[in-house]
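Here is the structure we will look at.
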Amino acid sequence: MSAPIISFKNFSFQYNSQTEPTLRDINLDIYPGEKVLIAGPSGSGKSTLGRCLNGLIPQSYPGTVTGQARIAGQTITESSIFALSQDVGTVLQDPDSQFVGLTVVEDMAFSLENDQQTQPAMRQATEQWAQTLDLQDLLTHRPQELSGGQKQRVAMAGVLIDNSKILLFDEPLASLDPASGKASMALIDQLTHTQDLTVIIIEHRIEDVLQQPIDRLIVMQDGAIVANDRPETILRQSLMTQLGLREPLYLSALKLAGVDLATCQHLDNLQALQVPDLTATLQNWTTGVQLQSPTVHDQPLLAIEHLTFGYDPAKPIINDITVTLHQGEMISLVGQNGTGKSTLSNLITGFLMPQSGKMRFNGHSLADQSVKERADQIGYILQDPNQMISTTMIFDEVAAGLVLRGVADDEVKRRVQAVLKVCGLYEFRHWPISALSFGQKKRVTIAAILVLEPAMLILDEPTAGQDLQHYTEMMTFLTKINQEQHMTIMLITHDMHLMLEYTDRTIVLGHGNILMDARPADVLTNASIIQQASLAKTSLYTLAEAHHLNPTEFVAKFVQAEREAR
């Protein structure tokens, strides 16, 4: 066996600003050509380990290092970020934050210009990588104009063009719709083999990453590595939920049906999965589950009639949409990036005004209501928390809306503390917001709206950046207020797990119109809609098809059984 290209020996790291180590006694070897997934709950040390891999620690994030870490023969404490960047290319969670060129081709060539390469050499390299990454038609575009998947390919080109042999991805699926995420994983797998790369993926969406083969799954918890093995071995041991991670849907379905995972072969690859008598087992389980009648919501809350809007009136993003949301519904709004999901939300909340159409809330026209007046009834939580935060301290941020509305100090304290506990932020209530991770900031903005107790909530990608524990806590809380207060909640999401687990109605946007309005199980088993809306077949759909079950019935019964178990 060849020598490891990455090696940590008894390695620990403590930030200067912290009183305890963030990484504890890390022992890890990664070999050339391996594709490794690093997973773990928020605060487990994944991001810190990533910063060690690309040299940001200890150069940009000073602290105390014990033990040894070597990357491609270089000791991280003795190497510069520049030296390590020659071997390690990093693709960030938000590609926009690493673009430096005005056009795609300029961004691709940036590192070559720094290396003082000749124009013919730069032209040859950019043409080669543009072809490899399917960017030929985008070279003159601004990176900011591109879709999420295209932006990610540009970011990859910018680091691969310098012949980096180690590629580090920080949550590559966070901003992608399901279809783009599936394509991204396929591209990464292809590059691993064709370019002889060593790939490290930091991601908590394990099922989506496992759509392509992974050599090893490394799970972190409390700054330590608690599992390091083949994905199949870890899945068979049912360690996922114990370690704060979401297990694949098909694995949950097998367990619900009473399958002994010890009898399963190729458990990490649904296409190759082998289980004795699995078809009969699944059919028997499906027959034994009786679907309950869904709850009927018949009191209109938000009525939208013939709504049309376009930044260019000749090219409407929202085109003659008519839909009614009822009191007490929990709704998922889905569709390909750029289809108008956020635009529709901005129209509802008054940040944009429609070219035509009407909206009524609780029987009253929204046409003459200001943004503030609408905000008293409709809470809107943006995808990027940094666009909402207006104070420096967590408690003050959550309390701001109540203070502006003249709520008494004692009541402010009571309501803020209650919401902070539900959102998992109570212990941080006196912290500055700048000390929080992206996911923690997200929870602060959700808390700041929930504390106002509006009649309707719109949440844009509410679970982005959340680990399983905080995802479950947040969605359990939203479900509770939905059921107990009959609050209408609309979730703009790419998370198909969320659609199935927590919503009873899915509205699919595409081409300016509503493509489908139905139960999540109906949407996610409709092949035509999946393709049009850039969704992806869930593993439940694939499992049902492979064993001659009605996919819609199977998915609906799985969802019901999961909710009953929860």
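Just so it is clear, glycine is given a Cβ too, placed from its N, Cα and C backbone atoms.
Just so it is clear, the model here is predicted, and its values are computed rather than measured.
Annotation source Swiss-Prot lists ATP binding site at 40-47, 335-342, citing sequence analysis. A 10 Å cutoff on Cβ-Cβ distances gives N337 (ATP binding site) a total of 17 other Cβ atoms nearby, all chains included.
If you look up Swiss-Prot, you'll see 6-247 marked as domain 'ABC transporter 1', on the strength of sequence analysis.
Swiss-Prot lists 302-536 with the feature domain 'ABC transporter 2', giving sequence analysis as the kind of evidence.
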Worksheet entry | Neighbour count (Cβ, 10 Å) for K341 (ATP binding site) | 24
Discussion item. Tell me the coarse DSSP state (helix, strand, coil) of G335 (ATP binding site).
Written reply: coil
Worksheet, complete the sentence: Quick note, G40 (ATP binding site): same-chain residues at least 6 apart with CB under 8 Å of its CB -> K46, H204, V219, M220, Q221, L243, G244, L245, D467
